[in-house]
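*Asks:* Pasting in a structure now, in structure tokens, and then I'll have a few things to ask.
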């Protein structure tokens with residue numbers, strides 16, 4: 001098998017093969033040039049990346065840190081990878097690409113040579129086997145005619161007896177010419193036969209075999225070029241593998257349990273002996289009746305001691321109950337973290353558990369603080385009980401022996417002194433009757449401690465990361481206040497207050513580990529707010545604002561981040577990722593997250609959807625479960641709708657869906673939109689992609705991120721950054737005027753999507769083309785197999801004048817009637 005033996009008559013095929021291979025080589029050359037450019041840019045990008053790394057972050061700290069070492073080595077090895085990639089690009093340019101360029105020239109020369117030689121030998125063969133023989137044959141025929149003519153004239157001459165010799169001579173001459181040409185023709189024919197045989201058996205096969213040999217040599221050369229290309233560009237070469245091995249080895253050196261051992265050794269401090277807290281005996285220098293560390297039980301304190309004992313007992317019981325609750329919460333959270341850890345598919349999934357682990361540590365701190373409070377209360381209670389039990393059944397002794405004093409004073413003086421002591425006693429009794437006054441400063445301290453132990457997120461007046469505008473809507477009366485996390489600056493907290501007819505916002509300063517406005521600093525925000533609320537101290541002297549009424553958050557919708565466990569990623573929305581999640585009671589949910597780096601206005605739009613959905617309860621509208629705004633990132637928790645988005649559902653199930661089911665889907669959307677219309681809600685983004693397929697194929701409207709609720713039922717927009725043009729009514733596109741009528745237009749498009757089984761509206765048109773065509777009066781034709789009644793509804797929805805479009809109540813009635821007709 002070969003070119004010479006099998007391709008003798010395949011000249012055109014050989015030429016096409018050579019042309020194709022030349023085009024292929026040009027493509028390979030272009031690809032290699034782009035690869036070189038790409039590798040050089042990649043090398044430059046890597047180097048630039050390393051150069052931009054904060055140099056301080058790569059400087060070794062003053063203790064041995066494997067994390068720091070690993071990070072430094074990552075940067076160094078990335079620089080090494082940059083150098084390797086740059087070298088590879090240069091080698092690729094000087095090696096395979098250069099040789100490929102030379103090979104293309106050689107390939108062109110081989111083709112040129114083949115074409116030239118083939119034309120030459122083919123022309124020679126045609127000349128010998130056809131052209132020359134045809135000439136001889138033509139002369140042959142001519143000479144036969146001449147000889148026959150000479151013979152006729154000779155016969156005529158013999159018959160007449162005139163010029164016989166002359167005629168004979170002419171006849172002999174013509175015969176000689178013919179015979180000589182005959183011999184020449186016989187020889188030429190023999191030569192042509194041999195030439196043709198040589199052409200097809202030797203000359204042409206030799207040329208074709210020569211071409212095949214050069215083709216194969218070039219394939220061999222190309223293979224060598226490819227081999228060298230593969231070797232140079234390989235990402236598993238020893239030098240590149242070593243780079244990644246070095247990085248992996250440095251990562252493996254990181255041991256969380258020993259990472260800070262050296263840091264501890266470097267910064268270890270000798271524990272200072274704590275100063276013992278003792279009774280200041282100097283307080284007793286001017287009073288001989290009081291004793292250090294002794295409870296005074298007398299006629300002035302006996303009643304108050306009983307009340308104090310009762311209060312301490314209640315506080316101890318309450319603390320112990322809280323402790324049991326917190327300890328149970330610790331065990332529950334530990335269990336959840338352990339279960340979540342087992343489901344982690346990737347090593348980096350541990351990051352998803354950090355929030356829960358931090359919450360666990362905070363819970364443990366809370367437990368420890370409660371144990372401390374429990375111990376203090378128990379000790380104080382024991383001290384009081386001991387004193388009360390010692391004097392059980394006894395009459396409390398008087399503070400002053402008035403009978404002895406009476407010997408040295410007049411009766412008038414005695415009355416005055418009795419009066420003074422009675423007033424003191426009544427004052428104390430008044431204090432005792434007021435529970436808030438029990439224990440005096442000791443109880444106030446206890447109150448502060450209990451406030452401090454309660455995490456910020458658990459206080460009713462803390463609303464989390466709600467938008468400023470939403471906070472302002474909640475403040476309506478003088479002194480109304482709440483605390484929120486700044487939406488624009490996560491980690492910064494703001495006090496929002498209604499004062500003197502305006503809403504004021506005060507950033508809570510955090511300086512020297514203390515929270516304050518401009519006065520006293522506190523170790524946490526609850527203590528700061530509690531101080532200003534209880535003392536009625538102004539927030540700032542300049543503002544004169546006083547806290548009067550804490551505004552509680554709506555607990556129906558508020559969830560803590562710890563209440564939700566994130567699972568698999570379901571997809572990405574306009575504002576962030578959407579995860580499958582699980583509540584504490586194992587309820588599956590969908591969790592929409594908001595990226596922390598989004599602009600302020602987009603974060604507000606993100607929460608707008610939750611604000612709208614709080615008001616709605618309908619089987620054809622996706623349900624809101626709650627919001628997590630206590631910290632960033634903010635979550636919106638929705639019911640998990642298992643069937644996914646309607647558009648994908650239509651496209652996947654298009655071969656299974658029957659007409660009746662499509663009408664039922666349409667009726668579901670109409671029912672949901674009828675409900676929204678009654679609530680003056682304008683959806684503005686009604687489309688198949690924004691509906692979800694629930695259980696029993698119930699369709700639910702979702703994605704209220706662009707929705708607005710307007711009392712007048714009309715919303716004007718100065719412009720949206722992303723408008724779904726093919727779904728949006730003309731008046732909304734042209735004038736920014738949105739209404740339920742513009743939602744009806746979108747409903748018509750959704751109907752078209754439904755009955756076309758997921759085809760994109762205005763097929764073959766760009767957004768701009770579709771918009772221009774609609775303005776000219778164009779409307780889409782009915783989808784294949786779409787009932788005439790359904791298409792009639794679509795056309796009504798697409799009336800250019802909003803006032804002529806049907807209401808959702810009309811659409812619901814019509815679709816209900818159509819559904820009944822279909823069996």
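Cβ atoms are placed via backbone N, Cα and C, with glycine included.
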*Asks:* Among 555, 556, 592, which residue does Swiss-Prot annotate as binding ATP at the site that also has 570, 571, 572, 573, 574, 575, 576, 577, 578?
*Replies:* 592
*Asks:* Across the domain 'F-BAR' (1-259), what does the pLDDT come to on average, as a whole number?
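*Replies:* Mean pLDDT for the domain 'F-BAR' (1-259): 90.
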*Asks:* With DSSP as the yardstick, break the domain 'SH2' (461-551) down into helix, strand and coil residue counts.
*Replies:* 18 helix, 29 strand, 44 coil
*Asks:* Measuring CB to CB from residue 570 (ATP binding site), give everything in the same chain under 8 Å that is also at least six residues away in sequence.
*Replies:* 578, 579, 580, 590
*Asks:* What Cα-Cα separation, expressed in whole Å, is found between residue 572 (ATP binding site) and residue 616 (phosphotyrosine)?
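*Replies:* The separation of the Cα atoms works out to 24 Å.
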*Asks:* Let me make sure I understand the structure: which of the binding-site residues listed (572, 576) has the fewest other Cβ atoms within 10 A of its Cβ?
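*Replies:* With the binding-site residues 572, 576, fewest surrounding Cβ atoms within 10 Å: 572.
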*Asks:* Among 574, 576, 616, these being the recorded positions, pick the one whose CA is nearest to that of residue 685 (active site, proton acceptor).
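*Replies:* Smallest Cα separation from residue 685 (active site, proton acceptor) among 574, 576, 616: 574.
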*Asks:* If you count other CB atoms within 10 A of each CB, which of 578, 616, 685 wins among these recorded positions?
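*Replies:* Per the Cβ count within 10 Å, the most buried is 685.
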*Asks:* What is the interatomic distance between the Cα atoms of residue 616 (phosphotyrosine) and residue 574 (ATP binding site), given in whole Å?
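*Replies:* Checking the Cα atoms of residue 616 (phosphotyrosine) and residue 574 (ATP binding site) gives a distance of 22 Å.
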*Asks:* Give me the sequence-ordered set of same-chain residues, not including 570, 571, 572, 573, 574, 575, 576, 577, 578, 592, with a C-beta within 8 angstroms of the centroid of the ATP site's C-beta atoms.
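*Replies:* Here the nearby residues are 593.
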